[in-house]
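S.K.: Okay, here's the structure, questions in a sec.
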Amino acid sequence: MQMNIGRCGPVCFSCSAPPSKSYTHRALIIAALADGQSEIIGQLDADDTRMTARALMQLGVRLDWSRENIRVQGTGGHLKAPVEEINIQDSGTSMRLLTGVSLLADGPVVLTGSGRMQERPLGPLIDTLNNAGAKITCLKNPGCPPVRIDGTFPAGDMYVDGSISSQFISSLLIAAPYADNDVHIHLTGDPVSLPYIMMTIDSMRAFGAEVLVDGDDKEPVFTISSQRRYKPQTYGIEGDFSSSSYWFALAAICGGSATISGLNPQSAQGDRRLLEILVNMGCSITEKRESIILSRDPDVLLKGIKVDMADCPDIVQTVCMVAAVSSSPTRITGVHHLRMKESDRIAAIANGLTTLGGRVETEEDVIVIHPAPLHGGIIHPENDHRTAMSFAVLGCFIGDVTILDAECVTKSYPGFWEELRRIWQNAVLC
């Protein structure tokens with residue numbers, strides 16, 4: 001499927017934030033480990049979250065997924081070894097979070113995925129668990145899926161490299177209450193995406209776990225009590241700042257306003273920082289009780305900024321689209337881990353913007369975007385949902401932009417194209 005995007009003028013629209021993908025993943029897995037039935041309300045129904053649910057069912061978890069909620073019959077931390085390997089396809093979150101959790105099964109578990117998934121790193125997580133006494137074997141390429149997971153979840157001190165993915169730490173955190181004794185997780189390297197770790201801890205505490213945080217942002221230590229295991233809960237999923245970023249960016253790029261409901265202004269989500277970034281680029285923000293409004297006068301030029309985005313990688317592409325129409329250069333640092341996402345996102349940004357006439361410089365950890373006249377073109381997202389959605393938003397400003405393989409957005413936001421079509425059609429009426 002391809003989507004052809006024409007130019008639209010200033011926008012003026014309201015929409016609801018999709019449910020958080022990150023919180024849905026975490027709630028599903030934690031509820032599956034709790035002792036009793038939990039209800040997850042307002043979940044994200046997308047490819048990735050469905051993949052986590054299917055994997056949990058293969059691990060012996062009973063769940064009932066309806067449009068409004070998911071009822072999960074928890075196992076008390078006693079998972080069943082699956083008869084067949086678990087193929088989580090392209091869901092990196094499922095792969096990483098379930099690697100640690102699979103050590104709670106009563107036998108070996110094999111996790112595999114798509115061709116791209118088999119290139120994505122698991123090494124630091126595997127090394128940490130094996131050094132602590134687990135038995136995890138890579139079945140194809142060193143440090144990558146597919147993996148065979150055996151043994152039990154270890155207690156005591158663990159040291160994990162946090163410079164590649166925060167999901168390695170989240171994987172350890174979520175399973176840790178079911179170790180025989182307390183677990184102490186020490187981060188090494190320069191940790192990235194720390195807010196995602198706090199989202200994990202936030203979810204764990206909501207289900208009754210005890211997690212203590214010591215140290216500082218550079219060398220935090222997390223202590224998880226083995227005496228406070230998960231209890232069943234009724235748990236509501238808050239709105240997703242990552243997916244909402246495209247609508248805020250649309251108003252920033254085209255001018256006008258976007259009113260997004262369902263977002264928590266005090267959320268632990270690191271991608272909430274987008275609002276601060278867009279204000280620094282020339283937009284204004286108004287927070288109301290149940291909505292956040294971003295606006296920009298079309299006569300006021302956007303300006304470039306210098307920003308470190310190590311803690312909010314999922315909105316880097318969104319910010320790059322705004323930078324591409326700004327009046328001065330933008331320099332983004334802290335992005336080295338983007339090369340190991342669903343695609344090499346640094347290359348995707350550079351190639352896509354160059355195709356549309358943009359001027360981009362990249363290094364291992366840096367993206368610099370210069371002002372340049374833009375024109376239409378064809379974008380190949382390489383099955384990366386965030387590439388497709390980001391360039392679609394920019395396409396509304398440029399016009400004559402075609403997004404190939406547009407169905408890839410179902411990974412995180414199945415309703416994206418329908419929502420964009422509605423906003424685009426109404427833009428001329430504002």
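Glycine too: its Cβ is placed from the backbone N, Cα and C atoms.
This is the feature table in Swiss-Prot:
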BINDING   K21, G92, R120, Q167, R345, R386, K411  phosphoenolpyruvate binding site
BINDING   K21, S22, R26, S165, S166, Q167, S193, D314, K341  3-phosphoshikimate binding site
ACT_SITE  D314  active site, proton acceptor
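Are these features on the surface or tucked inside, and what touches them?
M.R.: For Q167 (phosphoenolpyruvate binding site), the same-chain residues that are 6 or more apart in sequence and have a Cβ closer than 8 Å to its Cβ are G92, T93, R96, L97, Y196.
The Cβ of D314 (active site, proton acceptor) has S242, S245, D271, R386 as same-chain neighbours under 8 Å, each 6 or more residues away in sequence.
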S.K.: Using all protein chains in view, find how many other C-beta atoms are within 10 Å of the C-beta of G92 (phosphoenolpyruvate binding site).
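M.R.: Here the count is 21.
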S.K.: If I take the alpha carbons of R26 (3-phosphoshikimate binding site) and R345 (phosphoenolpyruvate binding site), what is the distance between them in whole Å?
M.R.: 24
S.K.: What is the Cβ neighbour count of S166 (3-phosphoshikimate binding site) at a 10 Å cut-off, with all protein chains included?
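M.R.: Other Cβ atoms found within 10 Å: 26.
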S.K.: C-alpha of K21 (phosphoenolpyruvate binding site) to C-alpha of K341 (3-phosphoshikimate binding site): distance in Å?
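M.R.: So the Cα of K341 (3-phosphoshikimate binding site) lies 16 Å away from that of K21 (phosphoenolpyruvate binding site).
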S.K.: Look at the binding-site residues K21, R26 and tell me which residue has the greatest number of other C-beta atoms within 10 angstroms of its C-beta.
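M.R.: Result of the Cβ crowding comparison: R26.
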S.K.: In whole Å, how far is K341 (3-phosphoshikimate binding site) from K411 (phosphoenolpyruvate binding site) when you measure between their Cα atoms?
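M.R.: Per the Cα atoms, K411 (phosphoenolpyruvate binding site) and K341 (3-phosphoshikimate binding site) stand 13 Å apart.
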S.K.: If one measures from the C-alpha of S166 (3-phosphoshikimate binding site) to the C-alpha of R120 (phosphoenolpyruvate binding site), what distance in angstrom results, rounded to a whole number?
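M.R.: Each residue's Cα considered, S166 (3-phosphoshikimate binding site) and R120 (phosphoenolpyruvate binding site) end up 14 Å apart.
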